[in-house]
Structures are given as C-alpha cells and as structure tokens.
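In Swiss-Prot this protein carries:
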| type | residues | note |
| --- | --- | --- |
| BINDING | C100, C105, C136, C140 | Zn(2+) binding site |
| COILED | 33-68 | coiled coil |
| COMPBIAS | 193-204 | compositional bias 'Basic and acidic residues' |
| COMPBIAS | 206-218 | compositional bias 'Low complexity' |
| COMPBIAS | 246-258 | compositional bias 'Basic residues' |
| COMPBIAS | 295-305 | compositional bias 'Polar residues' |
| COMPBIAS | 307-317 | compositional bias 'Basic and acidic residues' |
| MOD_RES | A2 | N-acetylalanine |
| MOD_RES | S9 | phosphoserine |
| MOD_RES | S216 | phosphoserine |
| MOD_RES | S433 | phosphoserine |
| MOD_RES | S480 | phosphoserine |
| REGION | 1-38 | region 'Disordered' |
| REGION | 193-267 | region 'Disordered' |
| REGION | 295-317 | region 'Disordered' |
| ZN_FING | 77-160 | zinc finger |
Amino acid sequence: MADFAGPSSAGRKAGAPRCSRKAAGTKQTSTLKQEDASKRKAELEAAVRKKIEFERKALHIVEQLLEENITEEFLMECGRFITPAHYSDVVDERSIVKLCGYPLCQKKLGIVPKQKYKISTKTNKVYDITERKSFCSNFCYQASKFFEAQIPKTPVWVREEERHPDFQLLKEEQSGHSGEEVQLCSKAIKTSDIDNPSHFEKQYESSSSSTHSDSSSDNEQDFVSSILPGNRPNSTNIRPQLHQKSIMKKKAGHKANSKHKDKEQTVVDVTEQLGDCKLDSQEKDATCELPLQKVNTQSSSNSTLPERLKASENSESEYSRSEITLVGISKKSAEHFKRKFAKSNQVSRSVSSSVQVCPEVGKRNLLKVLKETLIEWKTEETLRFLYGQNYASVCLKPEASLVKEELDEDDIISDPDSHFPAWRESQNSLDESLPFRGSGTAIKPLPSYENLKKETEKLNLRIREFYRGRYVLGEETTKSQDSEEHDSTFPLIDSSSQNQIRKRIVLEKLSKVLPGLLVPLQITLGDIYTQLKNLVRTFRLTNRNIIHKPAEWTLIAMVLLSLLTPILGIQKHSQEGMVFTRFLDTLLEELHLKNEDLESLTIIFRTSCLPE
C-alpha cells in the first residue's frame with residue numbers, strides 16, 4: 001500500500017508548479033491588456049481633446065471674422081485653421097448683422113432683393129442670387145468664392161502634418177459675377193461626343209467652370225456657326241446605319257459608289273456656288289443662276305426623263321439626310337449684318353433729323369387731328385350750351401319763313417317729303433357736316449298727309465262707337481299692354497354705360513392739364529368744374545376720339561377754356577383776360593404754334609347764327 005501511495009503524492013507535487021505558472025501567465029496578459037486599454041484610452045482622450053481644441057479655435061476664429069477691420073494677413077492666417085463650412089458660417093452670420101459677407105469688406109448691406117433668380121441682359125443668362133444676397137457687390141461675392149475655394153476640406157485636427165496652402169486674394173481690378181448660373185437647357189450631343197465621351201466631359205466641365213467667370217461687364221460674344229447632324233433625334237443611330245450601308249455598298253460593287261460620289265460632288269458644287277451669293281447684291285443673281293442652269297443641262301443631257309426624275313428624288317433625299325445644318329451665324333456674316341444694321345440706323349437717324357428739320361409737318365398733323373376730334377365732339381347741344389337755349393329757333397326762323405312763302409294750297413295735300421327739302425336740309429345741316437351720324441341724331445321721315453287723315457278718321461270712328469256703346473275693347477288693347485310691358489327696358493347704370501366712362505376719362509385728362517392754365521385767371525379747378533362737366537356732357541364721344549397725347553390734351557384744354565371764359569364772366573379786355581391771353585401766347589410759342597392756330601380750333605365752335 002505504501003508503494004502505491006508514494007508515486008501519486010509525487011505527481012501531485014509536480015502538478016502544483018504548472019498551475020502556478022499558468023496563473024502567473026494569465027495575470028501578466030491581463031495586466032498587459034489593461035495597460036494597452038488604458039494607453040488607448042489616454043490616446044483617444046488626447047485625440048478628442050485635440051479635436052475639441054481645434055474646433056474651439058475654429059469657432060473663435062469665426063467669431064473674430066464677424067468683427068470689422070479685418071486685415072488680409074489675418075484672413076489668410078485664419079484660412080489654415082478653418083474649413084469651408086466654418087467660412088460659410090462667417091458669411092451667414094455677417095449677412096444677419098447686415099454686414100457684407102466678405103470679411104475684408106466693411107460696407108453694410110442695403111436693400112436685399114426678395115427674388116431668387118436674376119436675368120442678366122448683358123450675358124443673356126439666368127443666375128441664382130441666393131448666395132449673392134449676402135454681399136454688397138459682385139466683386140465681394142467673387143472674391144469670397146475665390147478665397148473659399150482655396151480653404152482645405154480636410155479636418156482641422158489632421159492638418160499638422162500637411163503642408164499649409166498659400167492663400168491668394170482676388171484683386172479689386174478683377175470684375176465679379178452676378179451669381180451661380182442656372183443651366184436652363186443641356187447642350188446638343190454631336191457624333192464626335194459619342195466617339196470620345198471623355199472629350200465631351202472635359203468640355204462640359206470647362207463650360208460649367210466658365211460660368212463662374214462671367215462678369216457683370218461681359219462684352220457681347222461673337223456668333224459662331226457649327227455643323228451638326230441634320231436629323232438630331234436619330235444622331236445616335238448614324239454610325240450603325242453608315243456601317244450597314246458600307247457593307248451593302250461593298251456587295252453592290254464599285255459602280256454604285258461612283259454614282260453616289262458623283263451626286264455628292266454635284267451637291268457640294270451647288271452649295272459652294274450658292275454660298276457665293278449675297279442677300280444685298282442683285283448683280284450676282286445672274287451669275288448664281290448660270291451655274292445652276294449648267295448643272296441642270298448636264299444632268300438632262302446625260303440621262304433620260306425617268307432617270308432625271310429618279311435623280312431629283314435622290315437629290316431631295318440626300319438634302320433631307322444631309323449632315324450639314326447651320327446653327328447660329330458665322331463671324332463673317334455677323335459682320336455683314338452689323339454693317340446692314342448700321343446702315344438702317346443711319347437711315348432712321350436721317351429720317352428723325354428730317355423730322356426735326358421740318359416741324360411744320362408735325363404741326364400740320366397735330367392741328368388736323370385736333371380739328372377732326374373737335375368736329376366729332378361738337379353737337380347741337382354743345383352750341384345750345386355755349387350760346388343759349390334759343391340757338392336752334394333763331395337759326396331756323398328765316399329758312400322756315402322762306403319755305404312758307406313758297407307753299408300753295410295744293411302742296412298741303414301732296415306728300416310733304418317732296419316739298420320740304422330746304423327745311424329738312426336746314427335741320428340736318430349740322431349732322432351732315434359731321435364725319436358720321438349717330439343713331440340718336442338721325443331724324444325719322446315725316447308721315448304722309450293721307451296716312452294721317454286715315455288715322456284721324458279711325459280714331460273718330462272709335463270714339464263714336466265707344467259713346468254709342470257698340471265699341472268693344474278687343475284683343476288690341478291687351479296686346480298693346482303686353483307689348484308695353486314687354487318693351488319696357490331699364491337704362492344703363494353709370495358703371496356700365498360706355499358714354500359715361502368716356503366722359504369720365506375726358507374729365508380726368510382735362511383735370512390734369514387745367515390747373516396750370518388757371519393760374520393767370522386766379523381761379524381754381526373747382527370754380528369751373530361744373531361748367532366743364534356740363535360742356536363735356538354735350539360732346540359726342542367715341543372710343544377713338546378720346547385717345548390723345550399730353551400736348552394734344554393741353555391744346556384741347558386751352559380751346560375749351562377760351563370757350564368757357566365768357567360763361568364764367570371773364571371779359572377779353574379785362575386785366576385777367578389780358579394776362580390769360582399773354583399766358584396762352586407764351587405757351588403756344590413753347591409748343592411751336594401761333595395764336596392763329598388756336599383760333600382755327602376755337603372757330604369750330606363759333607357760329608354766325610347768334611340769338612337776337
């Protein structure tokens with residue numbers, strides 16, 4: 001038993017140091033892991049503190065850039081410790097406090113536009129001015145964008161190992177631009193762009209970058225012509241079609257190729273000959289027609305009639321499928337058009353100078369228009385208002401007496417329409433002198449004497465039957481009552497009456513001119529407004545004779561005021577009347593008119609038939 005117990009106890013003693021070694025190894029690894037974790041934690045904390053410190057420094061720089069009197073050296077030094085986001089915050093904060101967004105500018109923002117886009121008539125482009133609103137000028141906007149593009153986009157806490165950029169500032173001599181251009185339409189794709197897509201991308205990038213260099217003082221660009229495929233929608237399918245055609249042509253043989261080349265050569269020759277023609281040269285028309293006739297004669301001599309028809313159809317199809325399409329204008333033709341426009345401008349200037357040299361033509365036209373207007377305005381009511389209510393009876397009395405002396409007893413029985421021409425002419429003389437006759441002034445023809453006699457007999461018969469008790473009220477009375485009820489119409493209200501609207505327009509135009517003319521008379525517009533309104537009510541106004549220029553309204557006001565002065569009690573030889581006359585003379589001289597011209601307008605309302 002003792003023998004068996006010895007080795008087991010020895011094994012236990014040998015296993016004890018192994019366990020202790022394992023425990024010591026685990027303790028060492030755990031301590032190493034703890035040290036690494038603490039070290040990483042310390043490094044992470046240091047990195048976070050560094051990041052926070054750099055962010056705090058960047059925010060402090062942003063606050064400093066909000067102040068005024070920023071120098072160029074300080075701005076370039078600050079660019080090393082901020083990002084583009086920080087700089088955009090500077091621009092926004094400065095615009096909020098009504099300062100220009102460019103830190104070097106000390107000006108304040110004025111009236112900020114509310115719209116989002118701006119159309120530039122100089123560059124014919126549309127700009128997004130959302131960012132431009134934060135700056136006082138186009139130069140400050142471009143200078144700010146120029147500086148912002150140089151700021152590194154990397155985080156500020158990893159720039160210690162990087163090379164600091166050399167900042168440059170935009171000089172004041174360089175011009176700015178209005179904002180970010182809005183691409184309204186994409187550029188047309190050419191066949192060369194399909195073959196070389198990288199070249200097209202470079203062109204697109206250069207065109208997009210060139211939009212930022214558009215200045216507010218850009219000059220007009222020259223027109224340039226370009227050659228594009230004639231069929232734009234099918235431009236992508238041109239190359240496979242050409243490939244298939246080439247295969248078919250190889251199979252068909254060289255004969256078809258030679259014919260096709262000959263037709264293309266004739267088309268090219270014709271286009272070259274047409275290119276020699278000009279729009280303004282009539283001498284070269286014959287020279288342009290002769291080569292065309294030669295081409296036609298050659299084709300007709302070499303082919304029969306059906307072949308010529310086929311050739312014409314093929315040529316038309318070639319023109320429809322041709323790859324030559326002019327877009328824009330070449331520089332040569334642009335210069336030609338500029339010369340033509342310069343000639344037209346010279347012609348227009350010569351015409352304007354001739355008008356200035358001959359003011360008599362304009363004066364004659366002005367007086368003609370005013371005479372036509374005043375003649376159309378004048379009515380019998382106008383003359384009654386100016387010369388009294390018995391104006392018409394006084395004028396018609398002598399003519400009526402002459403008519404009565406010529407009448408006999410037999411003339412009373414006959415038709416009066418054939419025996420009263422003088423009376424009717426005298427009654428319609430004023431209306432016939434006008435260029436038109438309104439429906440209100442038209443006079444109905446007088447009924448014949450026989451018809452009047454028959455109507456009186458019928459009325460007497462009805463009266464007798466009524467008193468005898470035989471007359472019965474029939475359907476005629478009810479019909480007349482129904483017709484009266486049906487025909488009753490209401491007059492138009494002032495807001496919808498065209499005549500009232502026209503009178504209001506005339507009064508408004510005269511009210512703007514008259515206050516200056518009433519100064520010599522020492523009266524106000526309110527003193528004569530009632531008489532003026534009553535005078536305008538008598539006019540015959542249309543939609544055409546109330547449209548005049550300011551100078552014409554001034555002359556019309558002078559005519560009407562000279563007509564109203566007797567009604568207002570202002571005598572011509574009084575002191576006020578003499579002052580008013582001198583004032584009108586000076587005013588007419590400024591309008592290059594004479595007193596006789598004003599008298600020729602006022603005489604339209606004068607008449608020889610005055611009341612006794």
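Residue numbering: from 1, along the chain as shown.
Cβ coordinates are placed from backbone N, Cα and C, and glycine is handled just like the others.
Distribution of Swiss-Prot features across the structure.
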| residue | record | DSSP (3 states) |
| --- | --- | --- |
| C100 | Zn(2+) binding site | coil |
| C105 | Zn(2+) binding site | coil |
| C136 | Zn(2+) binding site | coil |
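Helix, strand and coil counts from DSSP across the zinc finger (77-160) read 34 helix, 10 strand, 40 coil. For the recorded Zn(2+) site, residues C100, C105, C136, C140 set the reference point as the centre of their Cβ atoms, and the other residues of that chain within 8 Å of it by Cβ are L99, G101, Y102, K107, L109, F135, S137, F139. Counting only same-chain residues at least 6 apart in sequence, those with a Cβ under 8 Å from the Cβ of C105 (Zn(2+) binding site) are F135, C136, C140. Long-range C-beta contacts of C100 (Zn(2+) binding site), restricted to its own chain and to partners at least six residues apart, with a cutoff below 8 Å, comprise R94, Q106, K107, K108, L109, S134, F135, C136, S137, C140. For the binding-site residues C136, C140, counting C-beta atoms within 10 A of each C-beta gives the highest total at C140. Mean pLDDT across the zinc finger (77-160) comes to 88 in this model.
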